[in-house]
């Protein structure tokens, strides 16, 4: 942009908004006088305008008709260092502030920007620093100027302060610290990197070094009230005290009394947040002790090695990895399996997020604005059901699936030991990169063209045709690619697309819809939360003799695919273990929440999670080796039959197991972990190794089929179509490889344009990890047909090229197009009346994890992960290893980070990246990826039932992250006396910390007075 234009003041306006870009401070003050309600923006995170929306405008529906944006005003953008303070302009950006502070960081006590102060977020990372640093604020208006203290009197309430409407924050003055003053900041968030705080703090103390008398103390906290607060009573009581061991006990008592929260306080986690404030102070005490010791060498005791490590700043270590590989009432009804939901809710709305109508407009912004203007009067549903426990108590359940194998009663009577318990597994949001996007184009003769981000093109085609009352041959669905799916776009995307088809058909105009992230999360559901109740009998060696398990899945308000999810969990309840007497029941719970649906792993993660926790509890109860108990229960090499009648052949789980234990040096590292835990109080480690099995197929036989179309043009180029959707998993790449291998031509001569139902009909959804197996075989068969037709020309013209052979065949009127079709062959399962393919995935994984526990905010680091996986003969090792690593990290999120929280009225609270945390990778910052990540593809493995002896890879490795949870559980157990204790998933920082019972948690006095409405709940 031209520098002259950039330095000029501008006014941009429309009918709803005036946006002033101002380059002179006096103009800013004059505008604020004439428009006292105006918002001043620089970074613009909270508010935003025009196309993009911030927190205030998007989620709180606030409208600000006047915006003032100061640009290049020296007074607001300068940083000045004086003899006894630093003056920072209120409009200094964080990046500029960081660059400036790095030049003289040793002289400075803190940093700031004005937007943090004036927006007044109670969890601002900077405001506690300003407050503890005793910052002064310069406020100016057109006719006044005053300097105020930034202390506990500055804020008058949530996002309200003492500044007058016409005043502008011009600069922030922070005094430099004096001698013998110590300053430290703390923060705990759900995720270590790029996350808002649960609680943060800044602490400053001035001490007389000789007597260790506290002359002055400031303790500022965020996340403990509607505003940033000072612990004034605690500060007053501690001033004059001696800085010794007794101060920690006194401070902890004072803080636990002063910073109490109501049980229903916004943000929830009340006991955890109070525990954090106490933990922060303990770390501050250790930090100051070390600083004083470094100065005097004898006034205070020296910290132990572990205590020094406790206060040492976290240093990110980049990941290293090793990879090896050799409109009518009837038409309003819809549903993929059971037609139990409506396109538009007609009489009753069952959950927050159910679609009741569609607003059409000429642009997206107008449609969103009109949608927010719609007012609906509801009658409250009597006794709504949200949790699994609520559904069980109200008998709001679909029919159960029950399997019994052996004699369960005799098994328990023969068991010397019996344990029982229950465990919760939380849900998970798909959080695909691209939210739901659909375009519907009406054409002549009732034709409908759908361009959709769906995993199930044929299902969408069928349901749109049914809703519009037309035949499927008038509807064709096209998918170029989708930006991630993970099961979330298998069926729920259809519910979003059908209303568009209705609108496009009625209006005879194209209609496009793009869901915002929060809308997508509220409408489409996610992974089913599970409750498992279990009872297990075993002998002295840990051999399991009987297992009785009940799975309950929160399905939401309609069945969708939850019944198939619960079936998968029932089938894999035993993981890799042969249990002679087994009973398992799976049941879907009907609740007043958006329908949950398919998600990568499809019931298997929950089942394996439960089984591996049971085995871990057996090991802990008997004080036996985790590896020995697992080995004594594993399926052996001989042909075995599962509890649901499936034969397991070519079982290589023990090969995977032995290899991962050996290459990870498990026994040696286990000894180190046990020694580490016995010698350390403040940090704990855990290590876990588990075997896994994953059955690859659709349980319903008719879905195990696929088609392909191969078109060869006269110039020798090939156009390939198949029934699978490319969604970042490398499916198209593998299909091109297969065609290239069969036809013996370069991949560059082959092209896949899109997936379309008018090219390949009756496709199955791209799901269940079978897309490469199914579509690859169909392509192989189609290409072989082409190859057979041109074989005579290859023989006659052996010295010619592919293009010459094709041209000769064309001139000879030979068909150069072919279809391919493939169906999975398997034995009929008499119990479930479906074909079950005889391909099973056998895998083994290992994780070493370090978790910080008592006195800490609770941060976890995965130090090392070793994975050995059987993928047969890999079609593309680079893609397969990437899939393994990605699936592991998604599972890591499921079992440690990603927590779905709802209000007491059933509205999703965690509906965006600000509140819902997925694993991250930051190049220059911290990240959740294991510090050492080793992936090995099992050698000398094959699969004669899939294309080129490969095996599916998409879903199975997600289960490996169960080992992370179990490693955390081991770390937590080292702080407790019980051998077996309840510990649910996800293992969030809050859940880990509160499971570690110690002298800090004993200080927390949990309120017991009367009933209350919790701020949030898990379902």
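Glycine too: its Cβ is placed from the backbone N, Cα and C atoms.
Automatic, uncurated: that is what TrEMBL annotation is.
Record features (TrEMBL):
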type: ACT_SITE; residues: 955; note: active site, proton acceptor
type: BINDING; residues: 125, 169, 187; note: FAD binding site
type: BINDING; residues: 455, 486, 600, 768; note: Mo-molybdopterin binding site
type: BINDING; residues: 602; note: substrate binding site
type: DOMAIN; residues: 12-179; note: domain 'FAD-binding PCMH-type'
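The Cβ of residue 455 (Mo-molybdopterin binding site) lies under 8 Å from the Cβ of 482, 485, 487, 489, 490, 493, 725, 727, 765, 766, 767, each of these being in the same chain and 6 or more residues away along the sequence. Considering only the recorded positions 125, 169, 955, the residue whose Cα is spatially closest to the Cα of residue 486 (Mo-molybdopterin binding site) is 955. Residue 955 (active site, proton acceptor) and residue 768 (Mo-molybdopterin binding site) are 7 Å apart (CA-CA, integer value).
Most buried of the binding-site residues 187, 600, judged by other Cβ atoms within 10 Å, is 600. Note on the binding-site residues 169, 768: the fewest other CB atoms within 10 A surround the CB of 169. Within 10 Å of the Cβ of residue 486 (Mo-molybdopterin binding site) there are 27 other Cβ atoms, across all protein chains. The Cβ neighbour count for the residue listed as 'substrate binding site', using a 10 Å radius over every protein chain in view, is 28. Comparing the recorded positions 125, 955 on other C-beta atoms within 10 angstroms of each C-beta gives the minimum for 125. Put simply, the two farthest-apart Cα atoms among 455, 486, 600, 768, the recorded binders of Mo-molybdopterin, are 13 Å from each other. A 10 Å radius around the C-alpha of residue 602 (substrate binding site) takes in these recorded positions out of 125, 169, 187, 955, in sequence order: 955. Rounded to a whole number, the C-alpha distance linking residue 125 (FAD binding site) with residue 600 (Mo-molybdopterin binding site) is 35 angstrom. Over the domain 'FAD-binding PCMH-type' (12-179) the predicted model carries a mean pLDDT of 80. Taking the Cα atom of each, residue 955 (active site, proton acceptor) and residue 169 (FAD binding site) are about 53 angstrom apart.
If you measure from the Cα atom of residue 600 (Mo-molybdopterin binding site) to that of residue 187 (FAD binding site), you get 33 Å. Residues 125, 169, 187, recorded as contacting FAD, have a largest CA-CA distance of 26 Å.
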